[in-house]
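Shown next, in structure tokens, is the structure this report addresses.
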Amino acid sequence: MSTWTGKRVAVLYGGRSSEREVSLRTGAACAEALRQKGHDVVLVDVDLEVAARLRAERVEVAFVALHGRWGEDGSIQGLLESMAIPYTGSGVLASAMGMDKTVSKAIFRSLGLAVADYRVFPRAAAGAIGVDDLPFGLPCVVKPAGEGSSVGVHLVNAAAELGPACRDAAGYAGDVIVERYVKGTEVDVAVLEGKALGAIEIVPANAFYDYAAKYTAGTTKYFYPARIPEAHVRAVMEAAEAAHRGIGCSGVTRVDFIVAADGTPYILEVNTLPGMTATSLVPKIAAGLGLSFPDLCDRILDGAALKA
């Protein structure tokens, strides 16, 4: 029996970030899964009145399914701490550090993890970024520092593409990060309660695993377990656990990598609130271990707590 059986569970979803649509799908799926496990669930679309809604619904525990700003940056976690409502996932500080790629990349390097060369530019300077500003040259990847789900991310192969890519990334949250493109196999690792569950290989139909490839069914192939040497699998799972611990994460995370031909796992980011939709990777990995989606959600809920 779950710790929270018989308690009023709020699944927090939606919000107003660029990842709202993904969050709506994640929240709906998780709410249904928790109901299948017998929980008393209310869905709460997060807005400026969320605190009043939580009080009115007499919520006793929160299942956070809120992607992007407000949900993954520590904001909703801070509110829940102040209301003394236990919640799933990482706390305020870990969420904020995981969401800010500039901060998390520095932490990864301090842990001795492999990080592709990169440069950080203020949003105001994005329109003036040129190839001469990049010691690693092209190809490169441009991304906003404070977004997830590959929102605003571009693979740049030619100098003429760099300016438009940087200007687009500057329209989102945070500074603009430009990093060296690493050729290799895209591998994501699910970590639950500090333990790596498994590594899944991602093969998008196009050259780049962008937002459409992540959330459009049939556009990407997944292979579990990942089709890389066993030694490389062990290395990437160990790196994922180190990143999870280093950021100070709780509950479930998804850690994204590019594994180079020599087996070096270049870490891209830690997702403190990974997607939980029909096409999401954490449920795929869990299913490969025989853990059903309702059971996975129940495990995540069971770890709900105040972190401060």
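Easy rule for this one: first residue shown is 1, then count along the chain.
Backbone N, Cα and C define each Cβ position, glycine as well.
Here is what Swiss-Prot says about this protein:
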BINDING   133-188  ATP binding site
BINDING   Asp256, Glu269  Mg(2+) 1 binding site
BINDING   Glu269, Asn271  Mg(2+) 2 binding site
DOMAIN    105-302  domain 'ATP-grasp'
Inset, instruction - Work through the binding-site residues one by one (Asp133, Glu161, Asp168, Glu269) and point out the residue whose CB has the fewest other CB atoms within 10 angstroms. - result: Asp133
Legend entry - Other CB atoms within 10 A, centred on Cys140 (ATP binding site): 24
Inset, instruction - Just jot down the residues in the same chain as Asp175 (ATP binding site), at least 6 apart in sequence, with C-beta under 8 A of its C-beta; none if empty. - result: Thr102, Val120, Phe121, Pro122, Arg123, Pro144, Ala145, Gly146
Legend entry - Protein Cβ atoms within 10 Å of Asp256 (Mg(2+) 1 binding site), excluding its own: 21
Inset, instruction - Check the Cα-Cα distances from Asp133 (ATP binding site) to the binding-site residues Asp256, Glu269, Asn271 and tell me which is shortest. - result: Glu269
Inset, instruction - Identify, in sequence order, the residues in the chain of His154 (ATP binding site) that are 6 or more apart from it along the sequence and have a CB within less than 8 Å of its CB; answer 'none' if there are none. - result: Val141, Val142, Lys143, Glu161, Ala165, Asp168, Ala169
